[in-house]
Amino acid sequence: MIKLGVNIDHVATLRQARGTTYPDPIEAALIAESAGADAITLHLREDRRHIQDRDVEILRGALKTRMNLESAVTDEMIGFALRIKPHDICLVPERREELTTEGGLDVARHFEQVQRACHRLAEAGIRVSLFVDAEPAQIDASVEAGAPVIEIHTGHYADAQTTDEQQGELERVRAAVSKGLNHGLTVNAGHGLHYLNVQAIAAIPGVSELNIGHAIVARALFVGFERAVREMKNLMLEACK
């Protein structure tokens with residue numbers, strides 16, 4: 001059965017916009033769990049623009065499901081992860097000027113750095129995922145680096161402007177999922193997925209988990225966080241029937 005990882009970053013974005021203590025991403029995470037989330041995803045960025053260290057520290061002991069911590073491949077962030085010991089960590093690229101993660105991690109280009117991080121995290125009992133574009137070379141490099149999980153970047157699919165372009169990107173994701181599975185990897189997917197485009201990705205055989213945040217937080221403004229999570233989970237499950 002396909003799983004849903006709910007990303008709570010944008011609850012923290014709203015909090016940080018005014019420098020208040022609310023809305024509380026911890027509360028959002030617990031509501032998401034009660035609504036059917038299988039994991040809670042959060043990205044502790046180097047610039048701390050939304051999620052803060054304290055959020056991660058509190059959440060690590062509060063979750064009943066899994067914490068999936070997104071992190072840049074830097075000594076500071078890997079060191080933090082080794083101290084917190086999340087269940088899962090997803091290594092992602094990061095640029096300070098970007099609004100959101102704009103593409104997959106170039107594992108092939110930064111192979112030694114990524115491989116070293118994978119080994120350090122694995123030795124600490126943390127399951128490592130690499131957020132990569134739907135490119136064969138990146139999947140091959142992920143296998144060589146020792147990551148047991150990859151998350152396919154679905155942003156190009158989500159941003160497609162025409163039906164033909166979207167279909168082409170969907171086929172790229174399907175091929176990447178198949179290649180990952182053939183290598184024995186667990187394959188997740190995420191980025192840019194929302195209520196109108198999620199089902200085609202959820203229906204791909206072998207996809208283990210989708211990580212979705214912005215769309216759920218946006219929907220929650222109108223229907224509440226619990227319902228927003230349930231609606232997304234139901235769409236995913238329907239697509240797999």
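Cβ from N, Cα, C; glycine included.
Feature annotations, courtesy of Swiss-Prot:
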BINDING   Asn7, Arg18, Gly192, Gly213, His214  3-amino-2-oxopropyl phosphate binding site
BINDING   Asp9, His10, Arg45, His50, Thr100  1-deoxy-D-xylulose 5-phosphate binding site
ACT_SITE  His43  active site, proton acceptor
ACT_SITE  Glu70  active site, proton acceptor
SITE      Glu151  site 'Transition state stabilizer'
ACT_SITE  His191  active site, proton donor
Legend entry - Site diameter for 3-amino-2-oxopropyl phosphate, Å, by largest Cα distance between Asn7, Arg18, Gly192, Gly213, His214: 25
Inset, instruction - Out of the recorded positions Arg18, Glu70, Glu151, His191, give me the one sitting nearest to Asp9 (1-deoxy-D-xylulose 5-phosphate binding site) by CA distance. - result: Glu70
Legend entry - Close in space, distant in sequence - Asn7 (3-amino-2-oxopropyl phosphate binding site), Cβ under 8 Å, 6 or more apart: Ile40, Thr41, Leu42, His43, Gly190, Asn211, Ile212, Gly213, His214, Ile216
Inset, instruction - According to DSSP, folded down to helix, strand and coil, what is His50 (1-deoxy-D-xylulose 5-phosphate binding site)? - result: coil
Inset, instruction - With Gly192 (3-amino-2-oxopropyl phosphate binding site) as the reference Cα, tell me which of the recorded positions Arg45, Glu70, Glu151 is the closest one. - result: Glu151
Legend entry - From recorded positions His10, Arg18, Arg45, His50, His191, the one whose Cα lies nearest Glu151 (site 'Transition state stabilizer'): His191
